Amino acid sequence: MESSSSRGGGGRWYTGMSADNIKGLVLALSSSLFIGASFIIKKKGLKKAASSSGLRAGVGGYSYLYEPLWWVGMITMVVGEVANFAAYAFAPAILVTPLGALSIIISAILAHVMLREKLHIFGILGCILCVVGSTTIVLHAPAEREIESVTEVWDLATEPAFMCYSVVVLAVVAILVCRLVPLYGQTHVMVYIGVCSLVGSISVMSVKALGIALKLTFCGMNQLIYPQTWAFTLVVLSCIITQMNYLNKALDTFNTAVVSPIYYTMFTSLTILASVIMFKDWDRQNPTQIVTETCGFVTILSGTFLLHKTKDMADGLSTSSLFRLPTSSSFRFSKQTDEDSEGIPLRSSESFRSPP
């Protein structure tokens, strides 16, 4: 780490961490607390709306829009997202994004207390592995890139490497939405969360660009005169609407204690990948740091595997059932509930299941 004064005149903290990075760290931690709580509040609102209207969000219902409790959760999430938005303006994505692991812990605890969703010991271990892997990445995160204009971010976003990544993301999202959501959305958690995570990786890059533009504007360098600022704003709004829609479907269809960690893992991994491609974060690191961050990825993926394995332990299925395509009988709706079952069912108690 360099010993000179921090970028943006922020001063230095211990071991060279800049004051701006500290601001980003505090904002990211606050964001995780609000977002973790919002998962539970929104799900309670979704369940209450479904019980009154009979049409769940997971099957295309939108009655939750008339439920005040869902809006309380939505406001809580907005507060968290605003804090998260501000954090990206001060710190690199590789530092900010993994701190979302705290929201997993908050969601799991509140889901156990408020929703009676029981977390199996291996689910707890999976969450711990996700946190350990994220911490490893944070401790070896690269320094923030110096940017003096939103046009610099636009140049980075329009380079061939990131353009190729964006095209691949849009193609995969189109396949998920048009082909896989109608077939497997109700039985495979990865479908809904895949859409949220892929779109989210693009939205974070745009959020960071917009945050930098606003930060520079508040510092006296007006960035609102550039069309690139408004282009990033349009991308952010489009991505947030898409994420909100499919995250609601995932929360309504599957167990919160499973949705939160898997969404975090996929979203974090794809966001870091997008940041590495767009901002070339690894160009400013040595091989040891890159290998350590890769180990962090492996640890996070191990946590995800344990969370999937918990579904087998709860439902009494074999390991291979995680990868088996559903049959037509999987889409029949059962009115029976399993809120008192042990472990973490991958699907929530209102979800679709095969008849006996």
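Every residue gets a Cβ built from N, Cα and C, even glycine.
Noted in TrEMBL for the protein shown:
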REGION    333-356  region 'Disordered'
TRANSMEM  22-41  transmembrane segment
TRANSMEM  62-79  transmembrane segment
TRANSMEM  85-109  transmembrane segment
TRANSMEM  121-140  transmembrane segment
TRANSMEM  160-182  transmembrane segment
TRANSMEM  189-213  transmembrane segment
TRANSMEM  225-246  transmembrane segment
TRANSMEM  258-278  transmembrane segment
TRANSMEM  290-307  transmembrane segment
> Among the recorded stretches 22-41, 160-182, 189-213, 225-246, 290-307, which has the greatest number of Cβ pairs closer than 8 Å to the transmembrane segment (121-140)?
Replying inline: 290-307
>> Between the transmembrane segment (22-41) and the transmembrane segment (85-109), are there three or more CB pairs that fall under 8 A, provided the residues in each pair are separated by 6 or more in sequence?
In response: yes
> Counting only pairs 6 or more apart in sequence, are there at least 3 Cβ pairs under 8 Å between the transmembrane segment (258-278) and the transmembrane segment (189-213)?
Replying inline: yes
